[in-house]
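Down below is the structure, laid out as structure tokens.
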Amino acid sequence: MAAKLPRALGFWMCLALVVGNMIGSGVFLLPASLAPYGWNALFGWFITIAGALCLAFVFARLSAVLPKAGGPYAYADAAFGPTIGFIVAWSYWVMLWSGNGAIAVAVVSSIGLLMPQIGATPGLPALLAVALVWGVTAINIYGVAAAGRVQVVTTLLKLLPMAAVVIVAAIILSDDGAAAVAPWQPGQIGVGAVAATAALTFWGFLGLESATVPAGQVEDAARTIPRATLWGTAFTGLVYVLVCSAVTLLMPADTAAKSPAPIAEFVGLRWGAGAADVIALFAAISAFGTLNGFVLVQGEVPWAMARGGVFPAWLAKSSRRGTPARAHIVSSLLLTIVTLMNYSRAMTDLFAFIALVSIAAGLIAYLVSALAAIKLLPNDGMVRVIAPLAGVFTLWTLYGCGLEAVAWGGVLLLAGIPIYLAVRRTRFATPA
């Protein structure tokens, strides 16, 4: 029998896990990706926050009645059986490792403000992002304790650039008033543009289910996880609206769209180049911390699924240090392929593309979780209202991802079918 895991995670640690995994790379590069959309981006944020809160409610309700480790996979398996459970596990894993490519690009992009030659050299951002991923992968293969120490330091530094943006925005509005805000142009507001911004902004909310994954290690999981998930999502949404709207509406659109580090440049407009460099460094550290955390998860997910008999058994092998080395290597190898196949894109375009592919691949996990809530909680009146809204939101976001990203996400999901068939046919044994 497996040893019982210590329930070491309380409310504040779960809240930090939710907020820390959501606030990372997205908030630093999204203003550049959203700049061309103007006021459409603000509408996109409101729709995304509402949709994210609906999803957070779904996960809160599910975790209260089914506080099992595995999060989306556990709910799908309980509601629809192992086949749908595999699809969700696979899509969630694809979301993790493909999304880590976008996070790595965000780190490189922030460093690019300090070293402009990075962005000016074709293909170099992608190569540096891949090198960074393998460096973080090595840290996680070395040991969870090492990864944990890195995570603590970077998390403590994460919110400082956010505070700087809010302060600068307040100064600009105080000095210049409404004249500093991008003009309201109703004729440029469109459903397609809002949908596109909603898809991009949802990148910043990937990870809202983080507290559900280690449920077996959470103290009073049925009560702690729902609170952490809902409060963490609401707080993150507030931070995003304040920070990204400030940059999108108070910074010249052309400047923001072309910037490798829009938040740093925004602060630099008032506090000078030195302040911009400091913010760029903090942004890189923050994104690095998020990358470290999600690289840890991208290895843990296939390792756990392999031990559960869903993925090939050889992925369940641990290193001498007790880490899922094989799962880490496979995850980072797949990430490398996707990133290098798009090496010719500029940093902002590369970030947006990989983020959309990650979202397109991972939305299936959110959609199935909403459907699982409807099936598992048929007598919950709030679930009957909110879970369908969460499902509609995931479909809306998928539409906003665009055909290219959806096609890439679809190909990545289809790639899992042969693996599932092989696992079922050969009945891989779960290692002792």
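Cβ from N, Cα, C; glycine included.
TrEMBL lists 9-30, 42-62, 123-144, 156-174, 186-208, 229-251, 271-297, 350-374, 405-423 with the feature transmembrane segment.
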Legend entry - Dominant neighbour of the transmembrane segment (186-208) in 9-30, 229-251, 271-297, by Cβ pairs under 8 Å: 9-30
Legend entry - Chain residues outside the transmembrane segment (9-30) and at least six past its termini with a C-beta under 8 angstroms from it: 102-103, 105-107, 109-110, 151, 155, 158-159, 161-162, 200-201, 203-208, 210-211, 214, 217-219, 224-225, 227-229, 231-233, 235-236, 239-240, 243-244, 261-263, 283, 286-287, 289-291, 293-294, 348, 351, 355
Inset, instruction - Six or more residues out from either end of the transmembrane segment (350-374), which same-chain residues have a Cβ under 8 Å from its Cβ atoms? - result: 25-26, 29, 33, 55, 58-59, 61-62, 72-73, 75-76, 78-80, 84, 87-88, 91-92, 94-96, 98-99, 101-102, 105-106, 109, 125-126, 129, 199-200, 202-203, 206, 209, 338-339, 342-343, 380, 383-384, 387-388, 390-391, 394-395, 397-398, 401-402, 404-406, 408-410, 412-413
Inset, instruction - Report yes or no: does the transmembrane segment (156-174) come within contact of the transmembrane segment (271-297), defined as 3 or more CB pairs under 8 Å with a sequence separation of 6 or more? - result: yes
